[in-house]
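Trainee: For reference, TrEMBL lists these features for the protein:
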TRANSMEM  A:27-45  transmembrane segment
TRANSMEM  A:57-79  transmembrane segment
TRANSMEM  A:99-132  transmembrane segment
DOMAIN    A:113-403  domain 'NADH:quinone oxidoreductase/Mrp antiporter transmembrane'
TRANSMEM  A:148-170  transmembrane segment
TRANSMEM  A:190-213  transmembrane segment
TRANSMEM  A:225-245  transmembrane segment
TRANSMEM  A:257-278  transmembrane segment
TRANSMEM  A:285-305  transmembrane segment
TRANSMEM  A:311-332  transmembrane segment
TRANSMEM  A:353-376  transmembrane segment
TRANSMEM  A:388-409  transmembrane segment
TRANSMEM  A:430-452  transmembrane segment
Amino acid sequence: MNTLIAIGGLAVLVLIAEIINLRKFIIPITIIGLLGILGLTINDFGLQATYFNNMIVVNKFSTAFNSLFIVLTIFLVTLSGDFYKDQLPKISDYISLKLFLLMGAVSMVSFGNMAMFFLGLEILSISLYILAGSNRKDIRSNESGMKYFLLGSFASGVVLFGIAFIYGATATFDIGEIFKLAINGGIPKWYQLGVVLIIIGMLFKIAAVPFHFWAPDVYQGAPTLTTTLMSTLAKVVAIATLYKLSLILTLSMPEAYITALVFISIITMTVGNIMALRQDNIKRLLAYSGISHAGFMIMALVNLAQSEASLFYYATAYALAGIAAFTVVIVVCRGKSEELIEQFNGLAKRSPLLAAVMSIALLSMGGIPIFAGFFGKFFLFSQALEKGYITLVIFGVINSIISIFYYFKVILAMYTKEVEENASELQIPLSYKVVGVVAILINIVIGLYPSFLLDIF
Amino acid sequence: MNVTILLLTLLIGALATYFSGKSAAKVALIVGVASFVECIFLICQQQQGVNVGFLAQWMNTPNIHIALNGDGLGLSLVLLTTLLTPLIILSSFESPIEKKNTFYALVLFMAFAMAGTFLASDGFLYYIFWELALIPIYFIALLWGNDTFEARKKAIIKFFIYTFAGSLFMLVAFIYLYQKAGSFLLQDLYDLNLTSREQYWIFIAFFLAYAIKIPIFPFHTWQASTYEKAPTVGTMLLSGIMLKMGLYSIIRWQIPIAPQAAKELMTTVIVLSLIGVVYGSFIALKQSNIKRFFAYSSLAHVGLIAAGTYSLTLDGMRGAVYQMLAHGFVIVALFFVAEIIFRRYETRLINEMGGIRQQAVKFASLFLILTFASVGLPGTFNFIGEFSLLFGLSQVNIWYAIIGGTSIILGAFYMLRMFQKSMLGETNSKPFADLTKIEGFVLGVLVIAILFLGVYPKPLTDLITPSLVEIMTQIK
């Protein structure tokens with residue numbers, strides 16, 4: 001609860017800083033503020049409490065994910081400093097939007113009431129629409145923002161529709177009561193319809209197949225930092241919310257629901273991977289790889305009772321690797337009209353540090369041992385096997401193999417191809433080096449000591 | 001003192017090599033020699049009854065240990081690794097290598113991962129070492145290989161995807177076993193009472209991983225092109241040590257965990273392995289490139305080793321371990337011979353050689369001994385290995401031994417023909433300088449090892465027999 005208020009306060013502070021002409025200090029203040037809030041959140045750990053008539057529920061799940069969101073936001077804000085250096089007058093808008101987005105994220109994993117959930121979802125989405133279209137003079141950014149807005153608001157509508165159905169069936173917005181009513185049975189059929197609508201809306205938000213068509217275009221067109229945000233923070237928020245919703249709503253669902261989930265999981269990772277193989281634009285490649293990762297994370301939904309820790313671990317590993325990879329993408333592709341994989345040619349010679357960061361991030365996503373991504377996959381596979389979904393695991397394994405192809409395509413370009421002749425000297429701001437290295441270090445540390453994250457649940 | 005020292009030496013050595021700049025080669029050599037000395041010391045300790053293993057909890061959930069096994073079987077293969085690694089490093093001293101520090105760091109890192117694979121007795125840790133060994137060889141082969149980049153990229157990526165794909169199925173098998181046992185520890189996995197159906201699938205999953213790594217027919221298609229395109233050091237590491245990971249794992253993991261399936265599927269896997277023996281020998285006859293030639297002859301030899309392990313007899317397994325070491329020594333030496341010729345003639349085509357013996361007597365004599373060893377002539381270590389393997393196979397079915405025995409006859413034919421074509425004949429018009437000191441030393445050490453163990457294999461027998469007997473009781 002304190003977290004939510006503190007973030008809101010910080011966002012307002014950032015807006016005020018603009019008025020009293022303190023633009024230069026916005027980023028340091030925000031980072032320090034967020035670090036403080038992170039401390040506050042971790043301090044709350046183990047607390048079980050509800051606030052405002054069950055509007056907000058604080059438990060281990062919400063605290064763990066909130067901490068992850070705050071860490072990711074700290075990285076994103078750090079990257080903002082240099083990314084928006086040409087747009088200094090607007091910096092307070094960008095930063096406060098990110099903070100409002102974080103507020104939405106926090107309410108999405110700590111809601112105790114469907115109204116709160118929808119509020120969080122909308123705060124997050126609207127901030128994202130604005131950020132996607134924030135590069136006003138670039139037609140592709142406009143396209144991206146527009147597309148995302150139209151499709152995203154449609155999905156929000158579907159979610160709202162589902163909430164209305166559930167309200168119609170249970171006459172309450174309170175998730176605790178919905179849970180009890182659903183378990184006891186005897187509620188009208190349209191409860192299930194409502195659940196399906198909500199799940200579909202959320203599957204849209206995490207870009208699961210067949211609701212994924214918006215993702216590559218939106219990712220490609222949006223300013224790269226916004227793409228970073230969407231593919232790391234927003235995706236992790238959506239999947240965590242989906243998990244929490246499933247935990248409350250889907251226990252009384254018929255068998256066919258799980259079959260459908262297994263199918264969606266398989267098809268999401270497969271389609272994402274196969275499309276990623278064909279991309280020559282790095283942002284589209286990462287978008288499709290993100291889709292396949294969403295497929296992996298859906299695996300957590302087939303074994304709801306045991307997968308909390310593994311989902312958290314996977315989400316952390318994926319988001320950290322994503323931050324590191326996109327940091328490198330921003331530096332390498334700066335000022336280019338398109339972000340092509342060719343631009344990575346010979347990066348190892350231009351900047352060994354960035355090449356190493358990118359390689360480790362991709363190896364982690366590909367699931368090569370000792371990096372966190374491998375353990376993430378391992379834990380998800382093992383919890384799915386526990387429930388006997390062996391087909392799902394075999395598809396997961398096959399997809400891990402396919403993904404190696406395109407991750408290695410980028411790694412090979414960096415280490416073996418010659419630098420393009422007209423390539424200019426790389427300008428690597430210190431903040432980017434710090435973010436890349438720190439994200440990778442955390443990734444390796446949680447790879448070596450997975451218990452560090454797993455044992456908190 | 002326990003085996004962690006050895007692993008840490010190699011790992012820290014790899015880091016030190018990376019940061020040592022121009023003197024990287026020397027640092028790597030020192031690390032390699034140090035690890036060899038440590039290995040000998042550990043073996044002495046182990047023989048005196050000291051427990052050199054290591055066990056510590058790594059993670060609570062899931063239950064994963066850092067467990068390193070200090071028994072004779074693992075140590076004998078670590079001995080192979082630590083003996084060959086410094087020799088391989090030394091053999092490349094006279095080759096032009098760019099970015100020496102990265103190169104030698106990768107070599108040592110690979111030695112670390114391979115030694116770890118041989119020592120790990122926790123399934124999860126074992127899997128991690130197994131995969132880690134793949135990354136350095138991928139980069140070694142890709143970045144320092146022969147031929148144009150595009151040509152080798154195709155071969156090396158094929159190799160990587162093949163082996164990576166195989167091992168993922170092994171991972172699934174391990175996860176399944178973990179669900180049953182609640183632990184990855186080797187002993188807990190041994191103690192599982194799996195149904196024959198479960199064993200069947202576990203056996204197949206392991207088989208995919210190992211058959212690709214070894215390689216067993218029909219999973220061998222990556223081998224020859226990878227051996228050809230990789231730099232000689234990479235080929236040596238692959239053929240000398242890395243493929244032994246697969247053979248060793250059959251004895252250590254696959255058969256004892258799924259003994260019943262191993263008995264049921266014995267015919268299939270032995271026949272596949274023997275097809276590899278005959279097929280490799282025949283294809284070798286047709287090869288004109290000396291590296292491809294050795295690759296296919298190696299395919300034939302490892303096929304026989306695999307058949308021996310799957311015979312599930314003590315003699316077969318003991319022969320397999322002998323032959324793993326013997327084959328490691330010989331194949332590394334033979335690839336080095338190919339490299340020595342390449343340094344002087346810039347060719348790998350057998351037709352362009354010939355008439356070298358008159359110009360380089362020392363070289364030709366050592367090469368002849370190696371040829372004989374590869375053929376399995378009595379007095380060499382390979383003879384003991386092949387004899388035990390065939391003896392083990394004959395206990396199952398005499399025809400297996402007869403078909404396996406053809407590999408010796410065919411081997412003699414193609415090896416001697418190759419020797420004749422490349423070394424004998426009229427004096428070559430191009431000059432051929434005899435061995436340099438380093439080349440002579442490397443080949444000399446390997447030849448001495450082959451001859452010494454050929455005459456007196458008892459220390460090795462004493463080292464490996466207890467662990468093999470233990471595994472045999474597990475199978476029964």
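Glycine is treated like the rest: Cβ placed from N, Cα and C.
No curator has checked TrEMBL annotations; they are predicted automatically.
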Trainee: Among the recorded stretches A:148-170, A:388-409, A:430-452, which has the greatest number of Cβ pairs closer than 8 Å to the transmembrane segment (A:99-132)?
Mentor: A:148-170
Trainee: Which sequence-distant residues neighbour the transmembrane segment (A:257-278)? Criterion: at least 6 residues beyond either end, Cβ under 8 Å.
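Mentor: Tertiary neighbours of the transmembrane segment (A:257-278) are 196, 203, 208-210, 212, 216, 250, 285, 288-296, 298-299, 301-302, 389, 391-392, 395-396, 399, 402-403, 405-406.
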Trainee: Spell out yes or no: are there three or more C-beta pairs under 8 angstroms between the transmembrane segment (A:57-79) and the transmembrane segment (A:190-213), with each pair 6 or more apart in sequence?
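Mentor: As far as Cβ distances go (cut-off 8 Å, pairs 6 or more apart), the transmembrane segment (A:57-79) and the transmembrane segment (A:190-213) do not touch.
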Trainee: Spell out yes or no: are there three or more C-beta pairs under 8 angstroms between the transmembrane segment (A:285-305) and the transmembrane segment (A:388-409), with each pair 6 or more apart in sequence?
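Mentor: When sequence-distant Cβ pairs are counted, the transmembrane segment (A:388-409) touches the transmembrane segment (A:285-305), since at least 3 lie under 8 Å.
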Trainee: Who are the long-range neighbours of the transmembrane segment (A:27-45) in its own chain, taking Cβ under 8 Å and residues 6 or more past its ends?
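Mentor: The answer is 2-3, 6-7, 10, 13-14, 17, 58, 60, 63-64, 66-67, 70-71, 73-74, 77-78, 80-81, 91, 95, 99, 456.
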Trainee: Go through the chain and flag residues at least 6 beyond the ends of the transmembrane segment (A:311-332) whose CB is under 8 A from any CB in it; none is fine as an answer.
Mentor: 64-65, 68, 72, 75-76, 79, 83, 224-225, 227-228, 231-233, 235-236, 239-240, 243, 282-283, 286, 290, 293, 296-297, 300, 339, 343-344, 347, 354, 357-358, 360-362, 364-365, 371-373, 375-377, 379-380, 426-429, 432, 435-436, 439-440, 442-443, 446-447, 450, 453-454, 457
Trainee: Is it the case that the transmembrane segment (A:225-245) and the transmembrane segment (A:190-213) have 3 or more CB pairs under 8 Å, with pairs at least 6 apart in sequence?
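Mentor: In contact, yes.
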Trainee: What same-chain residues lie close to the transmembrane segment (A:353-376): Cβ under 8 Å, and 6 or more beyond its ends?
Mentor: 289, 293, 296, 310, 313-314, 316-318, 320-322, 324-325, 327-328, 331-332, 344, 347, 400, 403-404, 407-408, 410-411, 414-415, 426, 428, 433, 436-437, 439-440, 443-444, 446-448, 450
